[in-house]
Amino acid sequence: MRCVVYSIAKSSPLELVKIYQKQCRQFDCELELVDLFPKNTANAQKVSKKLAQKSYSLAFEPYLNPKAKNIALHPKAQRGDSFAFSKMLENHLNINFFIAGAYGFEENFLKDCQAWSLSEMTFSHEVAKIVLCEQIYRALSIIFKHPYHK
């Protein structure tokens with residue numbers, strides 16, 4: 001299995017994320033983080049919400065894979081517990097997660113993905129990545145009946 005988290009961000013992986021990446025390997029899952037922040041995104045965010053959203057879509061579109069499960073993290077989307085999250089991931093070999101910038105996704109981009117919400121709360125990119133990586137590891141623990149999730 002391969003899970004890739006694409007985000008509009010400048011930061012590199014945090015230490016805790018590296019721990020979850022290592023733990024996912026025991027389930028034969030390579031957990032990758034790809035931070036994208038093209039030059040046009042910085043300028044677009046200064047101009048308008050619509051232009052910023054368009055720049056996010058342009059950055060992410062090359063990574064949309066019709067053979068993969070594409071999941072966009074969106075605050076108004078479906079949410080569920082860790083078991084529901086694990087069911088959504090189960091039986092997929094390639095999963096792409098997308099975390100937009102401050103202005104969220106364009107509606108057209110969301111049509112190409114399954115939208116999922118981690119919480120009703122707003123998180124910084126760093127916290128969202130940590131929560132997502134932990135939930136991916138927890139989902140794998142549920143799928144493989146590992147004692148991490150009790």
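Cβ atoms here come from the backbone N, Cα and C positions, even for glycine.
All protein chains included, L118 (S-adenosyl-L-methionine binding site) registers 18 other Cβ atoms within 10 Å of its own Cβ. Feature annotation from Swiss-Prot assigns S-adenosyl-L-methionine binding site to A100, L118, S119, E120, M121, T122, F123.
Taken over all pairs of the listed S-adenosyl-L-methionine-binding residues (A100, L118, S119, E120, M121, T122, F123), the Cα spread reaches a maximum of 16 Å, rounded to the nearest whole number.
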